[in-house]
């Protein structure tokens, strides 16, 4: 199997987007979901955490299926607002 | 320059894929063996006799020992024999600072039992790989996640996988490996999805602490505390001043606990012989699918009044425990254990065929490359042998070591581990020194012969090994596995004449 000389960078980028970007996205998504679920803390913590591995799987697949090189990193970008939702009280506290 | 980067990336890909496969094989094989951890443990403690005690008699034996030898201990514990283990233990104090002895269930006297790392070793290796600290747990988690993503992407790619499942072309060299690999992957797909997801879910607070960080400020203790339901149903008035008072008859309490929770695993008594005594009775893990730790029922030690339990779990906690329990396979008794064991072994075989395929495919390519590539390829082939044949050899050597090491030696469990890891290291040296096919043949053959002759080792080193059915089961199963290993050995020894005619057939014949 011959890899075109220029193909390695996109593949590396997508692999990183899948593993690192995917984890960051999943982390933020899980935190936000746990925050938003209208349940008791323990319940929403477990529901969100149990789902997180499915979310991570989807995020990994997304990174490889995304049409454009850069949209593979969309998850990592989305992580920022999601994390803000998930860690809203902590954020307010930090901002004083 | 670019060319070398491409090359190094290709190498990374090859290596990455191989290392994942190697580690997954080790995880699946030891995980399959861990299904029968208790049975292997019984085999590794051949001093344990068979017994026919009821729970009531066993508790009585344990308590009379503790009354005689530990009358002043703050806490007594008796762990009961049950259908998987004949061991009766009496202990004092907490789990860490306490002392614990094994009693002969037939006489109630202390039973000298050899020290051993036991069947638990396979269980520990399965999820820690014996790496330092938490590293192993993270590595195993990353592998499980990778496997889950690979399974799902595999389903997406192979939309026709049911058709592939019915495609089997035996005795066609590489084509057969591929078919066997695909068939076992599809057949066991539900098992693979369940076992990887539940494995990840067990450690969700470690692998994905996001929700815990957000809602409990990352405090595991706060989360576990919130998980526990409201405290004790009935909190009887405890006398402030404790005076000597006789312990209530335990028999009726055991019967009551058994009615409510099923088979029991143990009894512990705090402040025995005092007016504030308390009795806790615990169920065995396998009574329900959900994995329950601790829990059980609490009784007043003087009046016998029920104080609390068994704790009811809230739906979300129960869900998590059920998913974890599906991984641990404690439920469903022996039939379920066999299902998990066989599925696990077939998965190991699937990974093994995958690794063989992977290297066979690249053999041609490396044959025509430079010296460094050939040396590296040689190492890969050697590690391939070490991980598959060598690990099998190390596992059976671990069992042999248990019976052959002197019974009274110091640091005995460590010595057993040295046998395991030492043997594994030796198989690597052997695989590096011997030509590839010789290494396969010799290691598979030796592992097979050692498995088949395990009963002989028992016969020569211990008395009445088959007094326990579980020990007989371990030896018979090991012999069957020895047969499989010898079959594999015979298989790789066959000259590969039936090749699919293709252009590169000559190159193949050369490198084989």
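Each Cβ is built from the backbone N, Cα and C atoms, and glycine gets one as well.
Quick look at what TrEMBL lists:
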- B:12-36: transmembrane segment (TRANSMEM)
- B:135-157: transmembrane segment (TRANSMEM)
- B:185-208: transmembrane segment (TRANSMEM)
- B:338-358: transmembrane segment (TRANSMEM)
- B:379-400: transmembrane segment (TRANSMEM)
- B:415-433: transmembrane segment (TRANSMEM)
- B:445-462: transmembrane segment (TRANSMEM)
- B:474-493: transmembrane segment (TRANSMEM)
Recorded stretch, among B:12-36, B:185-208, B:379-400, B:445-462, B:474-493, maximising Cβ pairs under 8 Å relative to the transmembrane segment (B:415-433): B:379-400
Most Cβ pairs under 8 Å with the transmembrane segment (B:135-157), selected from B:12-36, B:185-208, B:338-358, B:379-400: B:185-208
Most Cβ pairs under 8 Å with the transmembrane segment (B:185-208), selected from B:12-36, B:338-358, B:379-400, B:445-462: B:338-358
Leading contact stretch, B:12-36, B:338-358, B:379-400 vs the transmembrane segment (B:445-462) - CB distance under 8 Å: B:379-400
Chain residues outside the transmembrane segment (B:379-400) and at least six past its termini with a C-beta under 8 angstroms from it: 14, 18, 22, 25-26, 29-30, 33, 40, 43-44, 121-122, 352, 355-356, 359, 416, 419-421, 423-424, 427-428, 430-432, 436, 439-440, 443-444, 446-447, 450-451, 454, 457, 478, 482, 485
